[in-house]
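**Q** I have a structure here, written as C-alpha cells, and I will follow up with some questions on it.
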Amino acid sequence: MADSFDVIVVGGGHAGCEAAAAAARTGARTALVSMRRDMIGAMSCNPAIGGLGKGHLVREVDACDGLIARAADRAAIHYRMLNSSKGAAVQGPRVQADRKLYKAAIHDLLAELPSLEIVEGSAERLLLDDVSRGTSGLVLADGRELKAGAVVLATGTFLNARLHFGMDCRTGGRVGEAAAVGLAEQLRALDLPIARLKTGTPPRLDGRTIDWARLDRQPSDGEGWTFSALTPHRLVPQLACAITRTNQRTHDVIRAGLDRSPLFSGAITGVGPRYCPSIEDKVHRFGDRDGHQIFLEPEGLDDPTVYPNGVSTSLPEDVQLAMLRTVPGLERVEILQPGYAVEYDYIDPRALTAGLALRALPGLFCAGQINGTTGYEEAAAQGLAAGMNAAAFAAGRPEIHFDRATSYIGVMIDDLTLQGVSEPYRMLTARAEYRLRLRADNAGTRLTSWADAHGAISAARRMFHVEREARRIAMADCLDRRIAGSAELIAAGAAVAADHARRSLTEWLRFPEVGDAELTVLAPELVDVPEDVRAEVIQDGRYAPYLARQDQEIARLRADERIGLAVIVDYGAIAGLSNEMVERLNAARPADLAAAGRVRGVTPAALAAIMVHARRLAA
C-alpha cells in the first residue's frame, strides 16, 4: 500500500465514494479510507435514490460522470416519476434499489478507476502542517500515516456519534459500527464551529409477515426512463411497493410511549430533519391528523426485508412493535431490526468556501452530513464538488464553483455556505430561483461540457455527450426552421384554433395541444431522434418565453457577481449595518455582491452600503 497520495477521502458513504471517484477521474492519486471495505457504498437508511429536488441532484452528478445514477440503475427494482402530472421543472425521478446490488455496483464502478486505492482503517486524526497551517494527511487508528496534498472529510453520522434505542444510548455511527471519536475530538480542539444534529431510521420489517393483499399496491412506472444518461434501458426485474396508513390506535400507542422516547425525554438534543420527522414527532405535532401514510418498500429481489418509509422512530422496540401491529396489513408483522436515532457532530458550513474547503485549515474539504445536510443525493452532490476541488487544490489549480444559476448543486452549496443550517438541509425545487432552466431532463446539457472543461469526465462520457448534443441541436434547428400554419397542425391531429398565422414548430410548442406526436407528423425525421432528446427540446420550446425572462434575471445576477467583496475584512466597519447583519456577513464571507444579497436578513439598503464600501476599498 502506498503512503503518499494527492487526495485522501475519509468515509465510504455516498459523499465519500463520489469525492474519491471525482478526484480519481481527474488523474489525482486518491485514497478512499473506510473502517470496513465491505461497507463502502452501503445504503444506511432508505433503499431509494432520488425524489423531488433530490432526483435533480442525481441527474446533475451523473452529468458530471458521477456514480450514483449508474449504480441506482444497476440496482433499481422500482422506478417512479414523482409529480408526473406537473411541469417538467418540478418532476422528480426516484428509484427503489436493491441494497446488495447497489453496493456491488459502487464497488464495481470504483474498481474501474486506476488511480484510486481503498485503504481499510479508522481515521484517528489529521496531520497538520506547521508551515502552511493546513492539512497534510491522516493518521489511522493503527498508527499508519498517509500523506496527501488534500483531505476530504465525508464522515456521515460517525463524528462523535451516539445511537438511541428508546432510553438505551450507546456510542456508534451506525448499527454494528464504531463512531469516529478521536477525529471528532481533534476537530473540536481546533476550535471549529461544531454543533449537533440528529437523524433517524425506521424499523426493518419481515416482508413474509406482512398481509400484502390488504394493502394498496404501487407498481413501478411503465415508461422506460432510467436515471443515468449512460443506461440505455432498465436492467433489473421490477417489484411493486405498497401503501398503508397509521390510525388513531397507532397514535394512542405512540402517545403512551412518549415517556420512554429519547426525543421527548431530553436525551436527544440535536435537531432532526424538518422534512423527514420521526413518527412520534408527527403524532405530537399533528395530533389532529387521522393517519399518516406508510410506504412499504422492498429492500431487494431476494431479501425479505421491508423498509417502512414514514415511521422513522427511536421509541423502544416493544413500543415500535405494538405501534406497527395496529396498522392495516401489519397486524402480525415481525421486526428484523428496530428503528433508532443517531446524534452526530457537524461543522457549520458557513466556515467553508464555495468549493467546500474549510477556510481555517487549507487543504481540508468537507462533504455530506458533516456539512449539516441530510440525504444520499445531497451527500453525493457535495462529494462530487469536494472531490473535484480537493484534486484541484492538490495540483495547485483554482477552486471550482458550481453556479447557482445553472445547477441545483450550486444552489445547495450556496445555501449552505451563505446561510448555514439550523436543521439538516434537504434539497427542494423551491430553493432554486431559476428552476425552469434546472430541469432533471437537461442536466447533461447544462453541466457535462462544464465538467469536461475541468477534467472531471471520462472519454466515454465525453463521446456520448458530443453525439447527444449534436442530435439535440439538430432537432432544435429543425423545429426553428420548419414553418407551419394552423391548418397543417390540425391535419396532424392538434386541436388548435384555426388562424392565418404561420409559426415555426418551436413557436407552436407554446400551445399545449401540440406535442411529440404532432411534431413527428410534420417533421418525420424526428422519429429517429432518441426519446429523451425529443422530450428535452420540446420542454425548451414550451418554456421559451419564461426562459427568456429568467435569462434577463440571470444577467442582472451576473452584473452583481462582478462586484467582488474580497477586499472587505470586517463588515463591522460599514456604517448602517445592524449587529445581526455584521455577524451573518462575517460568518458567510460572501465573494460578491450577489452572494451578499442572499445572506439572510441583508436589506437592499445594506447592499448599497456594502457596494460603496467595497468600491472605496478597491479604489
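The backbone N, Cα and C atoms fix where each Cβ goes, and this holds for glycine too.
Residues or ranges marked as FAD binding site in Swiss-Prot (evidence: sequence analysis): GLY11, GLY12, GLY13, HIS14, ALA15, GLY16. The NAD(+) binding site annotation in Swiss-Prot covers 272-286, and the record cites sequence analysis as its basis.
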**Q** Counting Cβ neighbours within 10 Å across all chains shown, tell me which of the binding-site residues ALA15, CYS276 comes out on top.
**A** ALA15
**Q** Have a look at the binding-site residues (GLY11, GLY272) and report the one with the fewest Cβ neighbours inside 10 Å.
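**A** Counting other Cβ atoms within 10 Å of each of the binding-site residues GLY11, GLY272, the minimum falls on GLY272.
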**Q** Measuring Cα to Cα, how many angstrom lie between HIS284 (NAD(+) binding site) and GLY11 (FAD binding site)?
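**A** About 35 Å separates the two Cα atoms.
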**Q** What count of other C-beta atoms do you get within 10 angstroms of the C-beta of GLY12 (FAD binding site), across all chains shown?
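**A** By my count, 28.
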**Q** Neighbours of the FAD site GLY11, GLY12, GLY13, HIS14, ALA15, GLY16: Cβ within 8 Å of the Cβ centroid, same chain, sequence order.
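**A** For the FAD site, the extra neighbours are VAL9, CYS17, GLU18, ALA19, SER34, ILE40, ALA154, GLY156, ALA367, GLY368, ALA379, GLY383.
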**Q** Give the distance between the Cα atoms of ARG274 (NAD(+) binding site) and GLY16 (FAD binding site), rounded to the nearest whole Å.
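**A** Cα to Cα, ARG274 (NAD(+) binding site) and GLY16 (FAD binding site) are separated by 25 Å.
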**Q** Rounded to a whole number, how many Å is the Cα of ALA15 (FAD binding site) away from the Cα of GLY272 (NAD(+) binding site)?
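**A** That comes out at 20 Å between the alpha carbons.
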**Q** Rank the binding-site residues ARG274, LYS282 by the number of other Cβ atoms within 10 Å of each Cβ and report the first-ranked residue.
**A** LYS282
**Q** Quick one: Cα separation, GLY13 (FAD binding site) versus CYS276 (NAD(+) binding site), in Å?
**A** 20
**Q** Have a look at the binding-site residues GLY11, GLY12, HIS14, GLY16 and say which one has the shortest Cα distance to LYS282 (NAD(+) binding site).
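**A** Nearest candidate: HIS14.
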**Q** Here the binding-site residues are HIS14, GLY16, PHE286; which one has the lowest number of other Cβ atoms no more than 10 Å from its Cβ?
**A** PHE286
**Q** Indicate whether LYS282 (NAD(+) binding site) is helix, strand or coil by DSSP.
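**A** Its secondary structure by DSSP: helix.
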**Q** I'd like the Cβ neighbour count for HIS284 (NAD(+) binding site), meaning other Cβ atoms within 10 Å of its Cβ, all protein chains included.
**A** 17
**Q** Sequence gap of 6 or more, C-beta under 8 Å: which same-chain residues meet both conditions with respect to GLU280 (NAD(+) binding site)?
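**A** In sequence order, ILE254, GLY257, LEU258, SER261, LEU263, PHE264, THR313, SER314, LEU315 meet the Cβ cut-off.
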**Q** Of GLY11, GLY12, HIS14, GLY16, which is closest to CYS276 (NAD(+) binding site) if I measure between C-alpha atoms? They're all binding-site residues.
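**A** Checked the binding-site residues GLY11, GLY12, HIS14, GLY16; minimum Cα distance to CYS276 (NAD(+) binding site) goes to HIS14.
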**Q** Tell me which of the binding-site residues GLY13, SER278 sits in the most Cβ-dense spot, judged by other Cβ atoms within 10 Å.
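**A** Result for the most crowded candidate: GLY13.
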